Each structure stands twice: as structure tokens, then as C-alpha cells.
Amino acid sequence: MSLLIVANWKMYGDFLTFSSFTKELSANLVNVKADVEVVLCPPFIACSKIVDCAPNIKLGAQNCFYESEGKYTGEVSAKMLYSCGCSYVIVGHYERRSIFYESDYCVQLKAKSAIDAGLIPIICIGETLLDRENGMLKNALLDQCYNSFPKHGEFVIAYEPVWAIGSNTIPSIDMITESLDIIRSYDSKSNIIYGGAVNQSNIKDVIAINQLSGVLVGSASLKVSSFCDIIYGAVNVRQN
């Protein structure tokens, strides 16, 4: 698989700036010759706005519903996302799990729906700080793997330690590797990316971890300059 760099814009930005950001980012990536796939996951309203702005950038979404259609006010199906040009969809992000009480089983249903619609789900899992401090890291990760992952189809695993999301704190390389080893004991084939406080300063250390296929970037993806620095940094490490 190509080096995968995913931007999760969460609920930031506005309709006027989405396309200009995408065009500027695309122009900055013209000279990147490495085998890298850049994915933008904007708010739903921007999906149709940016899909044609940059042929060298893939479009993703931040969530989907597990039914393909029906009387589900306010929901967006994976089939709809595919029809507007999405290639990926994030499911199971901790903010969805904690704020909207999405269970592992709900995440699995969403992932299955995404696969059936022709999308590649990016399934987020990760431990809390309490899990790690109480010696429950392995149980926490394996429970999420078993209950969140579909049994068939292609998907990407996003390892995001809950305590690193939205912070300036990133786990040590040894801590990340320990978690990846646990995940790999359950799934030896799917690509794994890392998310949680990824920025220009730590990208080279993170992407140098052999088991990783890329990164999921939050706040540092909201500015073209910082996001490009992350992409360039990751590419440079993988090319050397």
C-alpha cells in the first residue's frame, strides 16, 4: 500500500475555504513523486465541494450510518458518500464513541456498510490512559479489535491512544510499538496508521516505525503549510 496520510478536519472550516485549501494543497503536492496517498476528510457539506478540486488527493468522510437508506433523519449512508466521490470513511473515532455513545458493534456495522458500498473504512481504536496505567492495554485493544473489525473486506486500522487525541502529548515510540504488536497479534494483514497529536515536529519519528503505513492527522492538517510539512517529512523518511 502507498504511504497513507489522512487529514481529519473534524468540525472546522467553512464552505468558502474548503475548495481553496484543497487547490493550494494539491499544487504543493505536484512535485511529490513518492508513492503517497493523501486523503482529506472534511465535514459532510464539503465533500461535493472539493471532490473535483484536486485529482491527486483522495476524498474521505468522517462518519457514516450503517444502513444504506431509510427513515434516518440526519444520517448519511456509505452509499451516498461513495456516490459523491469518497474513497474512504473514518469510523469509530473516540469522539464518536464518547460523545455519541457508539459501541464497538455499531462501529463494526458501519465498517461493513462502508465496505459493501465500495469504501475503505478507517477504523479507529485506542486505549485510555487508565487502561494503560492499570495494565489493561492488551485487553482494551484486543476487545476493540474483536468487536469493531469486520470479518471480511479491506479496511485500515487507525491506532489512536485516547489520551493523545487533541493534545500535545504523543506516546513514546516504544509505547506505540507495544500497542502495534498487540494489534498485529489479532490482525496481521490490515494496514495500520497512527493518530493522536501528530505534527511537524514528531512526524519523522512516528513514520519511521516499520509497522505503520501512515498517519491520521487532526489539528495540524487544518493549515496547508503544516499539513504539507507533515507530508514532506513522512515522504523523506520513507524514501531514505
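Don't overthink the numbers, they just go from 1 along the chain as shown.
Glycine is treated like the rest: Cβ placed from N, Cα and C.
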Co-listed substrate-binding residue [Swiss-Prot; alongside N8, W9, K10] among G153, G166, G214: G166
In the chain carrying G166 (substrate binding site), residues 6 or more apart in sequence that have Cβ under 8 angstroms from it: A197, G218, S219
Candidates N8, W9, K10, H93 (recorded positions) - the one closest to E160 (active site, proton acceptor) by CA: H93
Rounded inter-Cα distance in Å - W9 (substrate binding site), H93 (active site, electrophile): 13
Set of same-chain residues at least 6 away whose C-beta sits under 8 angstroms from H93 (active site, electrophile): N8, Q62, N63, C124, E160
